[in-house]
Each structure stands twice: as structure tokens, then as C-alpha cells.
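Report on the structure given below.
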Ligand SMILES: C[S@@+](CC[C@H](N)C(=O)[O-])C[C@H]1O[C@@H](n2cnc3c(N)ncnc32)[C@H](O)[C@@H]1O
């Protein structure tokens, strides 16, 4: 479905064409490149490498079938296309140019149902590119430019705007409303060893051939836009849109705020993963590396929100992302916890000595909305604020239902923790840092989506980092 044939309205001047194009070369660690060359053959790997540096020309959408149907979402998207609200709402889709003005036809050619059996909940939305851009500068006029970071550019190529933190350099005298050409700074080899970007944040660009990095930017233009603030503001304020993109080398829908909770932008392999797991309603599933929750929510939907999906991630903020997504999608069977997956399984002999190996005992208490019932310090604690004592129920079988009295000081600490919310180590009410892990056989299915090189996420503008290849779970 990808198309990389350049499209252009009118032939631009040769020099301008060469300058405002997008033809990045993906850089690898030499030994990694050699490994792939041997594995795939040089030509094949060169094609893979080139494809990775370009965004996919379609977006894959998974429909939340508990909230809507694939047909209903398709109609809503077509409606947006036909009403021509897409440029405002679905940023970047082209309607009028594609089918000679017949808008119903145009919509149909942009939104497709996935043709594969078992993936009836998936829609593809077509984008376009690469487009050749014309800055339209006068010979005696310096082009106003903005250089952005690689991560920023990867997002812009997928339909985002340029946000303040992503801007590295900008021409002098850029004012709000000015037209700017946007390019990306990518790591270059450095003399000693390794890679460096070489542009410090705040650099002033002259737009001249004498500019440092002028040559480097050739073929790395990702679009043009209107400055949403002046140069000085860009480097003064902490956030906000710096450049509203008006022309892009790739036009892809961003779906920001579109049909929230009804759809989720997800690559096809991730949708397939949840299918392959084949979760059933009523089951208990462990998702060990779950954030941001793409597969977790796909699993919960396949289970019709019946049963329990325990979603773990070692990052507190990412656990919050899972909970936010679950709530947007109205999924109540997802319980998310901050927990290191390496500590999520109790050793078999330990579990056996506790007589727990074959039952479904909890490593983490089920979170609760009840402000007087939360899990603190690994114990389920019921508190009566007026009382001086607290009943503590241990969460493992050994101590199940055993009771003890605790001091007022401990009670006050517990209450404070409950009132102040879960805190960094205590998402969803489960204080999991002291968890001994779940018992073997306490889940029907387990998904381990371990951190990886993320090379499948296109576009990828640099692949020279070593941590990709020696990352440990
Ligand atoms: C590939 S992403 C998971 C994507 C997710 N399954 C989805 O489909 O949306 C890997 C996640 O694993 C988390 N992670 C890495 N090491 C972990 C560990 N030891 N325990 C738990 N989570 C971990 C990272 O924080 C990251 O969010």
C-alpha cells in the first residue's frame, strides 16, 4: 500500500527541487548493518532500510467494537472526508485532488476495510507522499527555516505539528505568521567514534549556503508551515505549537481527538498479536509489559470486557497512560500496576511451600474505588477514620484473614496514603514494589511484549544507537 512515487503540481526549479526533498539515508551501526546485509542480502536490506526511513502511506485503525461497529466508524470517517472537514479534523488527508471532485468516491478510496479474516475490526486510512515542495522563495531572499529534532520529525511525518520542545534551530527574525521550511537534523558520524547531531538548541540559521549544516539538510526537508510564534518565543516558552504545518512531504491523518474511545491507532502486527493470544470472556490474562496499553485494550475488547486483564509496566507514568486509555475506551476489566515484570512471577518452590502453586492467589490486591479500602504496604487495609484500630488482612494465603491491631501512627500514615492518591509506587491502589509475584498457573494466558528495537515503527530516521541491541528486559 505504500507509495513513494513523487507527486508534484508543477516542475520546480532544479535547485529548489533538490533542496526541498525528502530522501534520508538510514544510518546503522556498521556491525549491525553487516549482520543484516548477510542475513537479507545487500539489495534486499537496502530496500528494507529505505522503506524504514519513510512513513507508511496508510494508517491502521482498530475499532473499539464494544462502543461502535466497524461499519459505523467507517461511515463516520467517510462523513468527515465528504464534509471536507478532514483538513481541520483529520489533519492532512487529501480529498479533492484524488478523484476529480466526486466526494463520495474520494472518501471510499481513502478508507478501506481490512480484507483479512478475523480482522474485521480494522480499517485502513490512506495517506499520500512523498510530495515535492516548492518554497517559492525569491532569488534575493533568504529562506526562513526551522530545524527540528529527529523524534519531532518522525512525528511530523506521521501527521503531527511541530511543538516547541522539538525545535533545535531557527532563522533569525522569524515572526509569528512567517512561512518557514522545516527540516530535520539527524545524527552524523563523528571523528572520534559514534554519532552526534551537531546542532545546539537555539542555533541561528542564516538560510545561506555558508550556514553550518546547510548541506546536511539537503534531502531532509519534511514540509513547510506557518510559524505559530516568533523565534524568541520558540526558545523561551516550554510548550505549545511552534509551527503549524501547511505542506508536508507525507500527508497522513493524525486522528488527534477524532472519535476518542471509539478508535485506536495501532499497527497491524499489534492487532494480530492480541488475536493470536485468543483471549476468552471471563479469563484472567497477564500483560507483562503493557504500556501504553494498545494490546491490553485489544485483549480486553476481545474478552468483551468480561474477566480480568492485569497490565504491568515498570514506569509509573506509563501505567497512568494505560489507565487513561482503558477509561477512554470504557474498559473496566483492566487492572494496571507499576511492577517490574521480572518480579511478577513467584518462584514455584516458594509458592508450593505456601500451598499456593495451583490456586489463583493474588500478588497484588484488586484496586478499589472505596476510599476506606485500599492496599497499603502489601496489605489490604480497612480503615474507620474515627476508630483507633485497623483490621489488616494480608494478601497472601498464609496470613489470609489473620488480624492484628496497628498503632494510631501507622493508621494515620495509611490514611494519608489513601487520601493523597496512589503515589509513584502505588498505582491503582496496589503497592507492588514489595510484591513477591503472581503464583504459577494463576493466569489463563500471558502476553510478554518485551521492549525491542522498535524498528518496526516507521519512519525511523536513525538506527545507530547501540542500546537498541543490548537492551535488557
Ligand atoms: C514494547 S512496549 C509495550 C507496548 C504495549 N504492549 C502495547 O501494545 O501498547 C514495552 C514496555 O515495557 C515496559 N517495560 C520495560 N521493561 C519492563 C520490566 N522489566 N517490567 C515491566 N515493564 C517493562 C516499558 O516501560 C514499555 O512501556
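Cβ coordinates are placed from backbone N, Cα and C, and glycine is handled just like the others.
Quick look at what TrEMBL lists:
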DOMAIN    196-473  domain 'SAM-dependent MTase RsmB/NOP-type'
BINDING   289, 290, 291, 292, 293, 294, 295, 313, 340, 449  S-adenosyl-L-methionine binding site
REGION    364-388  region 'Disordered'
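Across the domain 'SAM-dependent MTase RsmB/NOP-type' (196-473), mean pLDDT in this model comes to 75.
Our reading of the S-adenosyl-L-methionine binding annotation (289, 290, 291, 292, 293, 294, 295, 313, 340, 449) yields a largest Cα to Cα distance of 19 angstrom. Each of the binding-site residues 289, 291 was scored by the number of other CB atoms within 10 A of its CB, and the lowest score belongs to 289.
In the structure shown, across all protein chains, 293 is the one of the binding-site residues 293, 295, 340 with the greatest number of other Cβ atoms within 10 Å.
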